[in-house]
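Since the structure comes first, as C-alpha cells, the remarks are kept for the end.
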Number of protein chains: 2
Amino acid sequence: MHTPLATVPIELGDRSYPIQIGAGLLGDAATYRDLPSGRWGVIVTNQTVAPLYAERLVQALSARYARVLTVALPDGEVHKDWDTLNLIFDRLLEEGCDRKTVLFALGGGVIGDMTGFAAACYMRGVPFVQVPTTLLAQVDSSVGGKTAINHPRGKNMIGAFYQPLLVVADLDTLDTLPERELSAGLAEVIKYGPIADPEFLDWIEANLPALRARDKAALTHAVRRSCEIKAWVVGQDERESGLRAILNFGHTFGHAIEAGLGYGEWLHGEAVGCGMVMAAALSARLGLVPPAFVERLSRIVDAAGLPVAGPRQLSAAQYLDLMRVDKKSEAGEIRFVVIEALGRAGMRAAPDDVVAEVIEAHTAR
Amino acid sequence: MHTPLATVPIELGDRSYPIQIGAGLLGDAATYRDLPSGRWGVIVTNQTVAPLYAERLVQALSARYARVLTVALPDGEVHKDWDTLNLIFDRLLEEGCDRKTVLFALGGGVIGDMTGFAAACYMRGVPFVQVPTTLLAQVDSSVGGKTAINHPRGKNMIGAFYQPLLVVADLDTLDTLPERELSAGLAEVIKYGPIADPEFLDWIEANLPALRARDKAALTHAVRRSCEIKAWVVGQDERESGLRAILNFGHTFGHAIEAGLGYGEWLHGEAVGCGMVMAAALSARLGLVPPAFVERLSRIVDAAGLPVAGPRQLSAAQYLDLMRVDKKSEAGEIRFVVIEALGRAGMRAAPDDVVAEVIEAHTAR
C-alpha cells in the first residue's frame, strides 16, 4: 500500500511537518520523496529493531542518498546516556558526514529521543526523520520535538526541543511489538482522553480488545486521534511554558516510579499507567472529580494490561524526594497535572501529606 | 560608572537581546535589573577567572537570586569537552536547580560556548547571560548564539544555536588579560574590516597601538563596531545557511592549525590571524584581490602581535585532510571564505594544488 491511511499535519511555522500513518510506509521509497537530498542518510536504530526493519529502510532510502549508513545502538532505556549518544557522533565524524546529512530514527522512544538530540547537536543541527516502531513512540514522541538523554540524577535532564522533518508511523511495525510494549503504548493513548477528549476515552474503553489484537483500523484511529490532540496542545505551547504540561498527566508519579526502581525496570508506559491512576486519585482527593472516575480510569488502565498499583519497594517519602527534582517542579514545589473535569486538565500543587496518602492507597503492599 | 558606554541591540525577533559595553558593568547590580528573577543564579567560570571576578559578580547578583552558585571549571580549550560540561550538569542537579535557573558565563570563549551549550541542554533549555572577560569573547562569541563543545575528531562539532538574554562586555576585565590573549582577540576585530568595512580596517590600522595599550575609548569603538557588523550579518542568517559563513574568514585554515597542533597549542585568535593571511593569499591567487592587499593584511596581523606564518610541523596535505572534515565543507569539498573585494567576502572552492601552494608560501620552514 503506497498511500498513508491518514496524515496529521503538525503546524509550527517554519518547523511544520507531517505525520504519515499507515501500513507499508517504511519500506516504500515514495514515503521519503519530499525530503531534502544529501550525500548521507544515516539510520540510527537499536540491536533489536535493526534485524527486523533496517534493511527495508536502507533499500527505500538508497534512491535519495548516495551513502546510507546504519548505526545500531544497544537496546534499552539504560543506554539512553551520553556514552551511547556518542556512538552516533563517533560514526558520523568517522564517515565525514556533513551538515546536510539526514538522520533517521528507526525504533521506539529511546531511539527517537537520542537520534533527535544527536540531530539537534551534531554540527549544531542536522535534519532528522522519525520512523517510530512502537505504539508509544507513534502516539507520543512523534509530536512535540522533545529530545533528550538521561542523567544519573534524572530522566531526560539533558536535551533539546528539536522538530523532525517527517514522521512515518508504519502500523505494520506494531505486528512485531511484544505484548508488554503494546500495553505500554496504550497508556499514552488512554492519557489523551481524560486531559482533552471524553468521547475518545469512551472509544478507547470500547475498543481496547481490538487495539490489543492489533486491528489496523482501530490502531489508525488511536494513533491519529492521539497525534491530533497532542498537536493541538503543542501547537499552542511549543516550548512547554504552560498548557503543554498537561501532556504529563500521570508522568510526575510515573517518573518517580521509573527513577526509584532504576530506569528500565518498569516500562515508561507502565509507570505512566499507574501514575495516571495516582494523579486521578489526587484529583479526586482535591475534590475536582468524583471517586467513580478514579475507579473507571483504573479499570481502563487494567484492561490495557497495565499496572494500577505502585511497586511495593517505594515509599511515599521516596516518591516525594524524586518528584521534587522533576523538571516540572519549581523551586522545590511539585506541580501535579490534575483532571479538573473529564476532558480538561490543569496544574496544581498539593500538600505532601495528601500526596503521600494517595500514593499509599495505590501501592501494592 | 553605572551606564554602559554603548549598547548594541541584537535583533532576532523573540530572541533579541542587548550587548552592553562599558567599564564597571560586571559588579553593578543595575546591569542585571531587567533579567527574570528566579531562585538560582549560577555563575559558570574557570579557575583562572574565578579569583579575579567571581566574587564581584556574586555580590551583584545576590539582589536578584536567593542562591548564587559558582562552578569553576578547569581552564583551557583542552577542557572544552563532555566531561567538563557534565561538571555543570552535575552541580545543577545536585543543587536541584529548576528550569528558571539563570546561568552566567563568566570568562572567555570556551566558558561562553560551554555555558551556552549547558543552558541550551539543561532541562531542554534554561536562560543564560554572557559576561565575556576576553576581547575575543566580547567581539565574537557575544553575537551569534553559537555554543558547542569539541569532539576528539573536530572542534565545535557538538553544539547548538542558542541566544543569551544579555551580554555584559565590561572593558575593565581586559586590564587583567595577558598580552597574548589581547592580540588573539584583535584577530577577530581585524577580520571585520576585510569582510565588511574598509573604513574600519583603516581605523584599526591607525589604532592598533592604542588598542594594544588597552585605551578604553579605542576598545569601546573596536568592540562596538565588531558587534554591530557581526549583528548585521547574523541578523540576516541566524542559522548559518549562507551569508553568515563569511564570519569564518581565516577560520578554515585556522581550525586546521588548531586541530593539527592539538587544541590549545596556538590560541584560536592566533590561528585565525595566520589563517586570514592564508585566506587573503588564496583570494589573490584566485585573482580576486591584488597581492598588495595580502601584504597589507599581513602587516596589520603582525602589528597586532599575531603570527603570519603557519607552524612548520604541518604539511599542506595535513591542512587539506583536516579542512575536509570542517563543518563548512560539503560532501568533502572545502568551501573557503575569500575576499572578493575589500569589504566584501564570498565562498569559493579551490583546487587542492592551489591551496597547497598558498599554505606552503605562508608556512615557517
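Note: Cβ is positioned from N, Cα and C throughout, glycine not excepted.
Helix, strand and coil content of the domain '3-dehydroquinate synthase N-terminal' (B:71-183), in residues and according to DSSP, is 47 helix, 34 strand, 32 coil. TrEMBL lists B:71-183 with the feature domain '3-dehydroquinate synthase N-terminal'.
The NAD(+) binding site annotation in TrEMBL covers B:75-80, B:109-113, B:133-134, B:LYS146, B:LYS155, B:173-176. Taking the Cβ of B:ASP75 (NAD(+) binding site) as reference, residues of its chain lying under 8 Å away and at least six apart in sequence are, in sequence order, B:ASN46, B:GLN47, B:THR48, B:VAL49, B:VAL110.
Sequence annotations record features per position, and here TrEMBL assigns domain '3-dehydroquinate synthase C-terminal' to B:185-329.
Counting only same-chain residues six or more apart in sequence, the Cβ atoms lying under 8 angstroms from the Cβ of B:GLU188 (Zn(2+) binding site) belong to B:LEU135, B:LEU136, B:VAL139, B:ASP140, B:SER226, B:GLY269, B:VAL272. Following the DSSP three-state reduction, the secondary structure of B:GLU188 (Zn(2+) binding site) is helix. Per TrEMBL, Zn(2+) binding site is recorded for B:GLU188, B:HIS251, B:HIS268.
Counting every protein chain shown, the number of other Cβ atoms lying within 10 Å of the Cβ of B:HIS251 (Zn(2+) binding site) is 24. Each residue contributes its Cα atom, and for B:GLY109 (NAD(+) binding site) and B:HIS251 (Zn(2+) binding site) these two points are 15 Å apart.
There are 26 other CB atoms within 10 A of the CB of B:THR173 (NAD(+) binding site), with all protein chains counted.
Neighbouring residues of the recorded Zn(2+) site, listed in sequence order and excluding B:GLU188, B:HIS251, B:HIS268, comprise B:LEU136, B:ASP140, B:ALA187, B:LYS191, B:GLY250, B:GLY254, B:GLY269, B:ALA271, B:VAL272, B:GLY275 (Cβ within 8 Å of the Cβ centroid). Per-site Cβ counts within 10 Å over the binding-site residues B:THR134, B:THR176 peak at B:THR134.
For B:VAL78 (NAD(+) binding site), the same-chain residues 6+ apart in sequence whose C-beta sits under 8 angstroms from its C-beta are B:TYR263, B:GLY264. When the Cα atoms are compared, B:THR134 (NAD(+) binding site) and B:HIS251 (Zn(2+) binding site) turn out to be 19 Å apart.
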